[in-house]
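Just below is one structure, and these are the notes that go with it.
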């Protein structure tokens, strides 16, 4: 159990690290969609170090512009205007890095869920929801109409380059209760690894409460008897005879 706790702690630290790197990359991606030559120092553009008061790289290239010869990564020569939005190499790298971090984060969360599912040996646990990245006071659990709804919402604020940006992150998971579990008996807890466990005091039923016994083979109510050779009331053809039996009138 101690080894399992250490493993869960390491996975939780890795998830927090990936979340932090993902927020940083998202912030870089938001502010790298436009050229900041006249406002801020762009990592791939040296226009702020230009000897002229204004960025003249968008105009015809002159011999006096020595920085553009020294820095081939200056992208102002390839675009008509410096402030024109463009998909540069930094943006493509940021997008690829964000996708890689998302896949890595999803992989870590799946691993954590498998570990938690294997460690839950008691059958009174109805379900578990991973709410990594949310505080316990940001998680809400609602039980209504035979369903359990787990929701969480968080506000993120980024302070980048002197401006503030806000974004919201939320999650909502819903599942149905077994028919033998009462809504009033359902409890939840915020456990290790940022996982919300939904529990019930009684064991959930894996089969119907009153299973139907297999039906007994049906016997015919009135087994068929072999046909009588004739019916005294109605004329008939006796077995093996081509002539009908007629009543004799005396």
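Glycine is treated like the rest: Cβ placed from N, Cα and C.
As recorded in Swiss-Prot:
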type	residues	note
MOD_RES	5	phosphoserine
MOD_RES	10	phosphoserine
REGION	34-77	region '2 X 5 AA repeats of [RC]-C-L-C-D'
REPEAT	34-38	repeat '1'
MOD_RES	64	phosphoserine
REPEAT	73-77	repeat '2'
MOD_RES	86	phosphoserine
MOD_RES	122	phosphoserine
MOD_RES	123	phosphoserine
MOD_RES	151	phosphoserine
MOD_RES	167	phosphoserine
MOD_RES	189	phosphoserine
MOD_RES	194	phosphoserine
REGION	209-238	region 'C-X-P repeat region'
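Structure coloured by features recorded in Swiss-Prot.
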{"residue": "10", "record": "phosphoserine", "DSSP class": "helix"}
{"residue": "151", "record": "phosphoserine", "DSSP class": "strand"}
{"residue": "167", "record": "phosphoserine", "DSSP class": "strand"}
{"residue": "189", "record": "phosphoserine", "DSSP class": "strand"}
{"residue": "194", "record": "phosphoserine", "DSSP class": "coil"}
Quiz item: Taking the modified residues one at a time (10, 194), which has its Cβ surrounded by the most other Cβ atoms within 10 Å?
Solution: 194
Practice problem: Tally every other Cβ atom lying within 10 Å of the Cβ atom of residue 189 (phosphoserine). | Solution: 13
Practice problem: Would you mind giving the whole-number mean pLDDT across the repeat '1' (34-38)? | Solution: 45
Quiz prompt | Residue from 151, 167, 189 whose C-alpha is spatially nearest that of residue 10 (phosphoserine), among the modified residues | solution = 189
Quiz item: Just checking, which of 151, 167 (modified residues) has the fewest C-beta atoms within 10 Å of its C-beta?
Solution: 167
Exercise. Measuring CA to CA, name the entry from the modified residues 151, 189, 194 that ends up nearest residue 167 (phosphoserine).
Key: 151
Exercise. To the nearest whole angstrom, state the Cα distance for the pair residue 189 (phosphoserine) and residue 151 (phosphoserine).
Key: 14
Quiz item: How big is the Cα-to-Cα gap, in Å, between residue 194 (phosphoserine) and residue 151 (phosphoserine)?
Solution: 13
